[in-house]
Amino acid sequence: MSDIRRTLMKNSLPPMGPPGVPGLNRGGRGRGGMMGGRRDYTPTSWKKYWDSSEDVTLEGDIFRVYKRGTAGPLLLLLHGGGYSALTWSLFAEVYGRQQPPCVLIGHSMGGAIAVHTAYHGYVVGLAGLVVIDVVEGTAMDALSSMQSFLRGRPQNFNSLQNAIEWSVRSGQTRNVEAARVSMPGQVKNTETGCCGTCDVESSMDYSNQNQETGGTVRADVILEEGSDSDTAQANQPTPAPTIPNENKLPVKKYTWRINLGETEKFWSGWFHGLSSKFLASPPSKMLLLAGIDRLDTDLTVGQMQGKFQMQVLPQCGHAVQEDTPDRVAEVLATYLLRHRLTTPKADFHR
């Protein structure tokens, strides 16, 4: 092969990602997360992306709900198995506050729940159904290897930074910024049993408290003159607060919050008959996939008959809303406009 031809073929490929990160060698976005050439795996607070949170108690179980915006159609976002609601954080930020008809949007197992909900008519006045990267045929085929996948994951992490770094390097998500806010919601502190997001909030509260009290002079206090020794002592620099060394943290500090392996007996029930239920659901439907190869026979026929709208977003992994939140927000905004579930802003172009 000539040098000219090799150069032309190379230029036609997507940009290379950083070496050593699975899934980022071609077309991975790796949005944000760079700190002086190094990736920043510091966890991020959910408050950067959401207005409020609420714990909903139902039959003895507690469900954390995050909220953003007050106007427009209500989007009920359902996360996939093992994820948390924070997987939708970057999408919520991009989608913005132009958000009531109700639209069910579910990723992975959350998509299966959305389909069953729409099919059985559990939500009165449901206007739309969006399913992200879950197809009955592909899901059923993957169940046999699910336990092997779960056993291959690390069972413990020394820190939240360690967990975030693993999620990026393993290819679970290709977006560092998404991992920093999403991953703390998927693990829990082995000592306290609390979700990793609680530790993020505690760390930020501690940091803010130090900023408020350290090195500040109150305007309503009159300083008295003292002796030279007092003055000299006062002029001594205040020792910096001790910051815990990540390497000194106890081993196995964090583990997975949800044990997916214990739910194996329910796996086939989540996905069996999913395609037929999706096609028979009354509201307008959209299927968002990471690859066209995920489509099974029933959905292929249904798509050719125009029973639902389909959008393929290549060059991203299973966590589509984390890898390309801007593209997902754009596709869903167009979907809502097409079905007259919202009105466009003046600068919005389809």
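Each Cβ is built from the backbone N, Cα and C atoms, and glycine gets one as well.
Computed from a predicted structure; not experimentally measured.
Here is what TrEMBL says about this protein:
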type     : residues : note
ACT_SITE : Ser108   : active site
ACT_SITE : Asp133   : active site
ACT_SITE : His318   : active site
COMPBIAS : 25-36    : compositional bias 'Gly residues'
DOMAIN   : 248-331  : domain 'AB hydrolase-1'
REGION   : 1-38     : region 'Disordered'
REGION   : 228-247  : region 'Disordered'
As a whole number of Å, the Cα atom of Asp133 (active site) is distant from the Cα atom of His318 (active site) by 7
Students should find that the Cβ of Ser108 (active site) has, within 10 Å, a number of other Cβ atoms equal to 23
CB contacts under 8 angstroms to His318 (active site), restricted to the same chain and 6+ apart in sequence, sorted by sequence, are Gly80, Ser108, Asp133, Ala290
